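Swiss-Prot lists Thr5 with the feature active site. Annotation source Swiss-Prot lists Na(+) binding site at Ser162, Cys165, Thr168.
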Amino acid sequence: MFKATTILAYKGKNGSIIGGDGQVTFGNTVLKGTATKIRKIGKDGKVLAGFAGSTTDAFNLFDMFEKCLESAKNDLLKAAVDFSKEWRKDKYLRKLEAMMLVLDREHIFLLSGVGDVVEPDDGKIAAIGSGGNYALSAARALDKFGNLNEEELVKESLKIASEICIYTNNHIKTYAIWDNK
């Protein structure tokens, strides 16, 4: 189901970053290598989001989440909870095959395919998709032992995932929210 991508989100000291690879896979065929599966959303682009799973389903979820974010006046926590409530109530949405990561400078959430809202234990690193566990492991190690800035950490972690996961490539795109920029 989620064999099409890797998305990694990192909330560091100076900024929040989301990154994703560009590979779109259908079965055992690579359809595209330069897809964009991350976005800046919300008022002034102060929320970052990325998806893994069915593209059509993910676009529906993006639209729904943006509406929740707008209703919540860019309050990511409230929007995530409201989004989860809507997801669980709607029979059609419960069948969507997609997951999302959303983050701002305060919060980071994984929105699961069944409407769960999960904040990572460390409150700063989350990953989804077929290469998600590889990217997550690399990011945790680089965060703990490395000396990289936030964007470099995300890019290097995704590159490591692309070397292991056949559904992830090294065409990496990132979006950032910086504290002083």
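Any Cβ shown, glycine's included, is placed from N, Cα and C.
Annotated features taken from Swiss-Prot, shown on the structure.
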{"residue": "Thr5", "record": "active site", "contacts (Cβ under 8 Å, 6+ apart)": "Gly20, Asp21, Gln23, Val24, Ala35, Lys37, Phe51, Ala52, Gly129, Ser130, Gly131, Tyr167, Thr168"}
{"residue": "Ser162", "record": "Na(+) binding site", "contacts (Cβ under 8 Å, 6+ apart)": "Thr6, Asp21, Gly131, Thr168, Asn169, Asn170, Ile172"}
{"residue": "Cys165", "record": "Na(+) binding site", "contacts (Cβ under 8 Å, 6+ apart)": "Thr6, Ser130, Gly131, Tyr134"}
Near the Cβ of Thr168 (Na(+) binding site), how many other Cβ atoms are there if near means within 10 Å? 30
Based on DSSP, name the secondary structure state of Thr168 (Na(+) binding site): helix, strand or coil. coil
